[in-house]
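Asks: Straight out of TrEMBL:
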BINDING   SER24, GLN25, THR26, GLY27, ASN28, ALA29, SER72, THR73, THR74, GLY75, ASP145  FMN binding site
BINDING   ARG412, ALA413, PHE414, SER415, GLY446, LEU447, CYS448, SER449, TRP634  FAD binding site
BINDING   THR488, SER554, ARG555, LYS560, VAL561, TYR562, VAL563, GLN564, ASP596  NADP(+) binding site
DOMAIN    18-163  domain 'Flavodoxin-like'
DOMAIN    233-475  domain 'FAD-binding FR-type'
Amino acid sequence: MAPSAAEADSAASSSGRLLVLYASQTGNAMDAAERVGREAERGGCTAVDVLSMDGFDPSRLPSERFVVFVVSTTGQGDPPDSMKGFWRYLLRKDLGAQWLEGVRHAVFGLGDSGYQKYNFAAKKLDRRLSHLGAEQVIEIGLGDDQHPSGYEGALDPWLLSLWKSLNETNQSLLPRVSDINDPNLSTLGDPKVHVIYYSSNEVPQDSILSDPNKIINSARTMSPALQFHDDGGPPYMLQMVANQRLTEEGSDRHVRHFELEDPSSAISYKTGDALEILPSQNPSAVDAFIERCNLDPDCYITIRGKSEDKISNGSAVSSLMDRTKLKTFVALTMDIASASPRRYFFEVMSFFATAEHEKEKLQYFASPEGRDDLYQYNQKESRTVLEVLEDFPSVQMPFEWLVQLTPPLKKRAFSISSSPLAHPNQIHLTVSIVSWLTPFKRTRHGLCSTWLAGLNPRKDNLIPCWIRQGSLPPPHPSVPLVLIGPGTGCAPFRAFVEERAAQSVAEPTAPVLFFFGCRNEDNDFLYKDFWLAHAQDEGVLSSKKGGGLFVAFSRDQPQKVYVQHKIKEQSARVWNLLLSGAAVYIAGSSTKMPADVTAALEEVICKEQGVKKEDASKWLRALERAGRFNIETWS
């Protein structure tokens, strides 16, 4: 017979269980949550569960006594995908103000204060839990990517406060609370994964996959770091048919235009969608990693979570089709040459260092005292997993730990800059080729953009691609548009203008105002001929059609001019279009631009309607609620 709610409450309370729920989009929140779990176990908590939110039934929340939530914020204040179902449940109207009475909660958010809706998902969750009757253990913690030590700059002191408060609330929960931050008591548990190795002659030739889609699906499905956040094999393997530079050779900005198509079938996408690409890692870096770690590149492997170890080798789960070549697995799932390892990577490395000076350095990096120095060595220098391993040559980490702790190779998303009406079997991208200097003057290159830039059109280059819905919903032809897209933010609006031009052939379309910004007219006026063509005669940006093209060249005069200045110059036209039901779309850099543009629009409303700033802000919020104010930004 199932236990009653009261019995469940009693069981949860007496067991001294701590539940840690995380919602992660890139892996940071998962890492932070696992650290919470490790520290709780070190403090003597006998029952700690660390779960992704989409792996927990929210109806069971009232039976928990102590719950820690670790939540990242994505895009424009959105919750991660793994939180959406959980969040919908918490918003149910039949959950009363006492639903979570007796539950003690703590929330830690991971965000970036460069975004307008900083840590929005965590703040909303914290408020909702309190509204449902849960009691805060401590104030919400807000991790900030802009902090000199990243989100850990806030996580370290927040965890100290959390353990202190939990211990004061219930001493039996953490009977060894003083052990948590005692470096002398640090021990290494077992890795969470188990790797089974097969020699190449143990794998029949007819079971070896040759289809690139199936190879990618097999490797990435096996990766424990990707099991909750991957979409299987790519639905499209696209071929690059055009690769051209948009900025001038002498410009310090390097932006390229790519055209991709499917050699075998049609591509289905909508204007405003994004294309996700799985980049290829440099084969020489993959070889160097395998050699440094003393691995056999030609052997085949099966990877299991420790919870799956009870499955026998003869079962369907361990079928021959499950085996992937080790070198292929590393190349397709483990980001060994562009992502920086997490702090826990250094802690685990310290247990395998045989040189005393390396062990001491790694222990220092993993300690609270060494946090800032680690951040300077690791994140600020964009140090890769391969580089870190090469800097500590005495360390030989077992492959199981490397699989568990190496950051996963992630897909990169790009706004699609073409309309399917204009290019039914092509996808166009507008990509900034990323490179930067570290504090120690080392040049770093973006993995995906650099790889794409080096591909030869129409050569044998199949690119694994996924199409996902973007955050800019395609507008109806009858809706007037105010588009604001400086720099590569113009990408989705090139698609919008192409689409509206194609629609205007068959039906009347509403006016479009487009505000673009760049540094110099001669160097980085992206798609100059395209915009000018659509601004002439009967084009969708022409004044005859009620439209307009307004370009801010920030460096072509002594006084810097940005898109927000152009918006204010065109105050009356912007306001008249808004009054006629226009939708506003903003795309581009996530730093200051969205806030500056929003402030400019508020100024337009204040000036044209004669209202205060607070009323203008309310007007824009109402526009957003109506789905007529949309922002897509990237860092």
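For all residues, glycine too, the Cβ spot is worked out from N, Cα and C.
What you are looking at is a predicted structure, and each value in this text was computed from that prediction instead of being measured.
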Asks: What is the nearest of the binding-site residues GLY446, CYS448, TRP634 to THR488 (NADP(+) binding site), using the Cα of each?
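Replies: The smallest Cα gap between THR488 (NADP(+) binding site) and any of the binding-site residues is with TRP634.
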Asks: Which of the binding-site residues ASN28, VAL561, VAL563, ASP596 has its Cα nearest to the Cα of CYS448 (FAD binding site)?
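Replies: The smallest Cα gap between CYS448 (FAD binding site) and any of the binding-site residues is with ASN28.
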Asks: Please report the number of other Cβ atoms within 10 Å of the Cβ of PHE414 (FAD binding site).
Replies: 25
Asks: List nothing but the one residue from SER72, THR488 whose Cβ has the fewest other Cβ atoms within 10 Å; the candidates are the binding-site residues.
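Replies: Looking at the binding-site residues SER72, THR488, the Cβ with the fewest others within 10 Å is that of THR488.
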Asks: If you count other C-beta atoms within 10 angstroms, which of the binding-site residues ARG412, ARG555 is the most crowded?
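Replies: The most densely surrounded of these binding-site residues is ARG412.
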Asks: Return the count of C-beta atoms lying within 10 angstroms of the C-beta of ASP145 (FMN binding site), excluding that atom itself.
Replies: 17
Asks: To the nearest Å, how far is the Cα of ASP596 (NADP(+) binding site) from the Cα of THR26 (FMN binding site)?
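Replies: So the alpha carbons of ASP596 (NADP(+) binding site) and THR26 (FMN binding site) sit roughly 27 Å from each other.
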Asks: Can you check which residue among the binding-site residues CYS448, VAL561 has the largest number of Cβ atoms within 10 Å of its own?
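Replies: Counting every other Cβ within 10 Å of each candidate, the maximum falls on CYS448.
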Asks: Which has the fewest other Cβ atoms within 10 Å: SER24, THR26, ASN28, THR74, the binding-site residues listed?
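Replies: Minimum Cβ neighbour count within 10 Å, taken over the binding-site residues SER24, THR26, ASN28, THR74, occurs at THR26.
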Asks: Report the DSSP secondary-structure composition of the domain 'Flavodoxin-like' (18-163) as helix, strand and coil residue counts.
Replies: 58 helix, 35 strand, 53 coil
Asks: What is the Cβ neighbour count of VAL563 (NADP(+) binding site) at a 10 Å cut-off, with all protein chains included?
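Replies: Around the Cβ of VAL563 (NADP(+) binding site), 26 other Cβ atoms lie within 10 Å.
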Asks: Determine, to the nearest whole angstrom, how far the Cα atom of SER24 (FMN binding site) is from the Cα atom of GLY446 (FAD binding site).
Replies: 22
